[in-house]
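Trainee: Right, I'll just put the structure down here and ask away after.
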Amino acid sequence: MPKRRDILAIVLIVLPWTLLITVWHQSAIAPLLAIRKACHHLVKEIFIIPERLAVHHHRLSDEGAEGKRETGGQDSKEYCASDKDIVEVVRTEYVYTRPPPWSDVLPTIHIITPTYSRPVQKAELTRIANTFLHVPNLHWILIEDSQRRTPLVTGLLRETGLNYTHLNVETPKSFKIRGDTRDPRIPRGTMQRNLALRWLRETFKNNTSQPGIVYFADDDNSYSLELFEEMRSTRKVSVWPVAFVGGLRYESPKVNAAGKVYGWKAVFDPHRPFAIDMAGFAINLKLILSKPQAYFKLRGVKGGYQESSLLRELVTLNDLEPKAANCTKILVWHTRTEKPILVNEGKKGFTDPNMEI
Amino acid sequence: MAARMKLKLKTVFVLYFMVSLMGLIYALMQLGQHCDCTERDLPKDRAISRLQEELYRLQGQIRQLEKLKQPEKQPPKASLPTIFVITPTYARLVQKAELTRLSLTFLHVPQLHWIVVEDSPRRTPLVTNFLMKSGLTYTHLYVPTAKERKLQEGDPSWLKPRGVEQRNEGLRWLREDRRAQPGEDGQQGVVYFADDDNTYSPQLFEEMRSTQRVSVWPVGLVGGMKFESPVVEGGKVVRFHTGWRPSRPFPMDMAGFAVSLKLVLTNPDACFDGEAPMGFLESSLLKGLVTVDELEPKADNCTKVLVWHTRTEKPKMKREEALQVQGLGSDPAVEV
């Protein structure tokens, strides 16, 4: 007859070990599983695709032959280290879900976009949102240059389904009008970008483990998806060429054989500390958080020196990481949209003002 | 003797219990702190990014090969009518940028077939490579515009109609391709003319998918106004709200209507007339196909703007030109 005391003793021994094992299993294995699943998923597609390509080639050359079905399962298992619960997913659709599922391992890209009301605003935000909906782990910080958040932007952000933060700060009129006649560029969007930086610093504590990349994206530029994948591996500040800036086909950092940036390929003042456009660099979130005093300079900034006003407080030329195949590929274009001619609206406005454009 | 044995066993048990409890507490504390796994995960992330890039590339290749063997293959989703988007394009600095952001919009639309027609005597490598990597179902055509019909350097954009031959070529290919594909499913579809510098919201394509003959909707930022639009009363188009020449048979922009594939196929001679006076290009196609009464209003009875006639500035190349004169221009091998 087992005594109650013995049973109690056995339970007391076994209980802590079971708790330990379940807890340990959850914490250590789960992230690895996520990576494995992502890896498997991708590898499955990559290995299936060549099979299908082979099938096509086969059929083209020899009409009668029956193509092979998917046998990529074996290969992906070997590639990704054995994992028993492989998900047999065969994707035949190439339409991406909007937005892509959040990954636990990819660093988040925080995109800071200042915007202001004008006729093309909704169009610009729509097409840039269409681009962002393809990028996994993207967080869009949209800052309006207005006294309060407009319903146009609020509605648009909600409808896209993106992960976003909606802020606003109005640039005082005195900044908007050109003060110094020698100043060719008005520092547009500066207060908005600084607000976003402050928001990031307030939201993420200094020793956060959540990796992130900060990128300043204007709403009228054109971005390719490859750009976002390139910037994801930024450790401090990464740079790449930008098309249609500085009156050139493209401006680019100069990269030496050792893969380090030593200068700038630009005609407009190439001796600036950072002769680069706002769209040509990305900063690791940790760096932003570790230097809480670094902001864009508001006053007394010469045209073209705005980027330098922030970057010189964060990195030196030596720390820059060149991307886009050592700065030889164009992945972002500094396009500008024409101001639409609204001459037929006349003085009183011809069209229904309630219709949102 | 037995008592002492029991005592020893008891201490052993207690010790054992304490050790396991310590271990548990230690493990729980470890869990509380986020582990700094960046070093371990980074190579895996890089592998994933690399794999994703490869994936995009390979998907592009599949598209191309599927194009080659199209007659045999039936689309898996035969229930959703295909939208055939005809886009004329021509080489200029912003071409790749425009096509890139256009393709990223189209990737959100299922069952879309992009027909890109270049204004060029041959297929350019830029567009060829771009389409391969885009991940879309596409057809790449080309037809050069006759010299006298082309806009010269200083001409304003409205002087001569643009893209006429290219759109007609797209229609011609579509008719030929569909003739080779008998069957009900092959005749279902919608044809839309999309310029490469406009802005489209994916919702627009869902609206046009149900077109029976010709459907219409408002277009933003066109005709010198915030938007142009058909005016709908009782579910039918009664007139057009436009600030410029409202007496045209169809005072609409190219981006403001879509034609059902059936209508295109049953009217094999309907095409754009390059000789039509300015602003009458759309009417030259539509007047042979449909009457104003038959137009189907979309976008909530034409109350929402889902497409904008944006135009992109020509980038300033003063410094580039100055450099090229000195022979120090930017590397032409770098594709912009």
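Glycine too: its Cβ is placed from the backbone N, Cα and C atoms.
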Trainee: The UDP-alpha-D-glucuronate site in TrEMBL lists B:P88, B:T89, B:Y90, B:R162, B:R167, B:D195, B:D196, B:D197, B:H309, B:T310, B:R311. Which one of B:D119, B:D273, B:D331 belongs there according to the record?
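Mentor: Given B:P88, B:T89, B:Y90, B:R162, B:R167, B:D195, B:D196, B:D197, B:H309, B:T310, B:R311 bind UDP-alpha-D-glucuronate in TrEMBL, the matching entry from B:D119, B:D273, B:D331 is B:D119.
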Trainee: Can you tell me which of the binding-site residues B:P88, B:Y90, B:D197 is spatially closest to B:E282 (active site, proton donor/acceptor)? Compare CA atoms only.
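Mentor: Nearest listed residue in space: B:P88.
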Trainee: Kindly assign B:D195 (UDP-alpha-D-glucuronate binding site) to one of the three DSSP-derived states: helix, strand or coil.
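Mentor: It is coil.
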Trainee: Given B:E228 (site 'Interaction with galactose moiety of substrate glycoprotein') and B:T310 (UDP-alpha-D-glucuronate binding site), what distance in Å do their CA atoms have, once rounded to a whole number?
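Mentor: Rounded to a whole number, the Cα-Cα distance is 13 Å.
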Trainee: Starting from each candidate's C-beta and looking 10 angstroms out, tell me which of the recorded positions B:D195, B:D197, B:E228, B:E282 has the most other C-beta atoms.
Mentor: B:E228
Trainee: Look at each of the recorded positions, B:N301, B:T310, and point out the one with the fewest other Cβ atoms around it within 10 Å.
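Mentor: Taking B:N301, B:T310 as the recorded positions, the minimal 10 Å Cβ count falls on B:N301.
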Trainee: Rounded to the nearest Å, what's the C-alpha distance separating B:D197 (UDP-alpha-D-glucuronate binding site) and B:N301 (N-linked glycosylation site)? Just drop the number here, would you?
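Mentor: On Cα coordinates alone, these residues lie 26 Å apart.
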Trainee: Would you kindly give the Cα-Cα distance separating B:N301 (N-linked glycosylation site) and B:R162 (UDP-alpha-D-glucuronate binding site), rounded to the nearest Å?
Mentor: 30
